[in-house]
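Noted in TrEMBL for the protein shown:
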- 208-228: compositional bias 'Low complexity' (COMPBIAS)
- CYS51-CYS90: disulfide bond (DISULFID)
- CYS165-CYS201: disulfide bond (DISULFID)
- CYS358-CYS395: disulfide bond (DISULFID)
- 236-384: domain 'Lysosome-associated membrane glycoprotein 2-like luminal' (DOMAIN)
- 404-435: domain 'Lysosome-associated membrane glycoprotein 2-like transmembrane' (DOMAIN)
- 203-238: region 'Disordered' (REGION)
- 402-425: transmembrane segment (TRANSMEM)
Amino acid sequence: MLQVALQFCEGIESEWLCGLGLSLLAVCRPLLVACCIQAVTLEVNDGNSTCIKAELSASFSITYNTSNSTRTVQVPLPDSTTVDTGSSSCSTGDRSSWLVAVFGPGHALRLSFSTNGSLYSVTNLTLQYNLSDTSIFPEAKSSDVVTVVSDSVGIWATSNTTYRCVSPTTFGLGGATVTFSDMRLEAYMPGNDLSPTESVCMADQGSTTAPPTTATPTTARTTTTAAPAPTPPGTPERGTYSLIKNNNTVCLLAQMGLQLNVSYFSLSQNKTIQELVNLTPNLTSASGSCEASSASLVLTQEQTITLNFTFTLNSTSNKYHLSGITLLANWSDATAPVTASNTSLDYLRSTLGRSYMCNAEQTLAVVPAFSLNTFRLQVQPFEVTTNQFATAEECRMDQDQMLIPIIVGAALAGLVLIVLIAYLIGRKRSHAGYQTI
């Protein structure tokens with residue numbers, strides 16, 4: 001299309017008319033790309049079984065260098081896209097499963113999946129594009145094959161359910177972006193068809209609208225009483241959670257009270273509400289995994305709430321932190337399962353061989369519609385010995401609270417000292433006023 005426009009300009013003597021044509025092309029090209037986006041179906045098979053299946057539409061926005069400027073192109077994923085069976089794989093356990101889709105001369109889209117038994121997620125999104133393809137990258141300065149990667153995707157679902165996201169969702173990968181829409185996919189499939197049970201993305205939940213209602217004219221006077229506001233649940237009970245390795249030794253310890261602060265569309269109230277929900281320890285089970293540089297703690301309450309914590313260790317600095325939180329809640333009052341995920345967090349930072357402790361209430365922001373409140377928290381996801389917490393590194397809020405009584409005590413002591421000095425000076429002056437007769 002761009003080449004046609006340039007040829008068109010060569011035959012036009014008027015510069016302003018040529019500029020107008022190119023401006024219209026710049027405006028219309030994204031619209032034309034959007035119209036050309038078609039859904040593709042991709043499957044990864046292991047013998048006669050399907051382990052990954054995806055039905056989706058995708059488009060790419062790629063910025064590249066020409067001889068004297070930069071240019072951005074919009075590229076739809078064509079319906080001729082196929083699965084690279086040599087690079088795609090079905091795996092279990094700690095190994096990742098891969099879906100590799102190839103299109104055109106040297107272009108590829110790769111998605112890697114992992115699971116902890118309760119959830120599966122896209123842990124890596126990779127785009128490869130070939131700048132020597134002049135039909136997509138005219139006048140490109142380089143002819144390299146470029147690979148860009150994103151490790152923070154946020155696509156996840158409960159095992160044995162289909163991830164569904166109709167709304168367009170864009171992910172940044174270096175100098176490119178990938179936009180998915182009309183997406184339905186499932187990994188680690190028990191059968192060959194997508195599960196009818198769906199885990200709906202947050203974007204689709206946010207776009208849910210209430211059905212319209214029609215008012216009936218009446219002359220009778222009615223009185224509407226607002227529903228009472230829900231009673232706050234109070235401070236959550238502190239629970240103790242642990243993970244045990246195959247040799248019956250504890251590899252992760254956690255003690256904390258947890259409170260969900262989540263927004264969702266309520267069927268009974270016909271609007272989006274914000275609710276506080278406490279996790280009840282005696283109704284909550286713990287599972288997960290302990291690896292050399294990562295650990296996962298999955299808390300499940302009565303099959304209605306699943307909360308996944310991911311801890312990451314930096315072996316260079318010997319520091320660990322909470323890098324990801326994922327929530328899945330199935331509430332009868334919600335229009336769909338409530339989901340939220342963020343895998344690029346930086347909370348609860350501490351040193352390897354020590355625990356992290358914070359008795360004060362903390363609010364861990366995950367996504368705009370979900371945050372997690374913690375109370376009396378102590379956690380150690382690595383190097384647990386003797387099944388007990390190691391020496392704790394306290395959060396700044398606890399340190400500040402310890403400083404307050406010290407400061408107040410010092411201030412009171414200073415005040416008493418000032419009063420005492422003033423008293424002694426006053427007494428000395430009063431004695432100086434008497435004279436011997």
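A Cβ is built for glycine as well, from the same backbone N, Cα and C atoms used for every other residue.
Positions of TrEMBL features highlighted on the structure.
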{"residue": "CYS51", "record": "disulfide bond", "contacts (Cβ under 8 Å, 6+ apart)": "VAL44, ASN45, CYS90, SER97, ALA187, TYR188, MET189"}
{"residue": "CYS165", "record": "disulfide bond", "contacts (Cβ under 8 Å, 6+ apart)": "ILE155, PHE180, SER181, MET183, VAL200, CYS201, ALA203, ASP204"}
{"residue": "CYS395", "record": "disulfide bond", "contacts (Cβ under 8 Å, 6+ apart)": "TYR356, MET357, CYS358, ALA360, GLN362"}
Counts of helix, strand and coil residues, the domain 'Lysosome-associated membrane glycoprotein 2-like luminal' (236-384), according to DSSP: 3 helix, 99 strand, 47 coil
Sparsest-packed among the disulfide-bonded residues, when each Cβ's other Cβ atoms within 10 Å are tallied, from CYS90, CYS358: CYS90
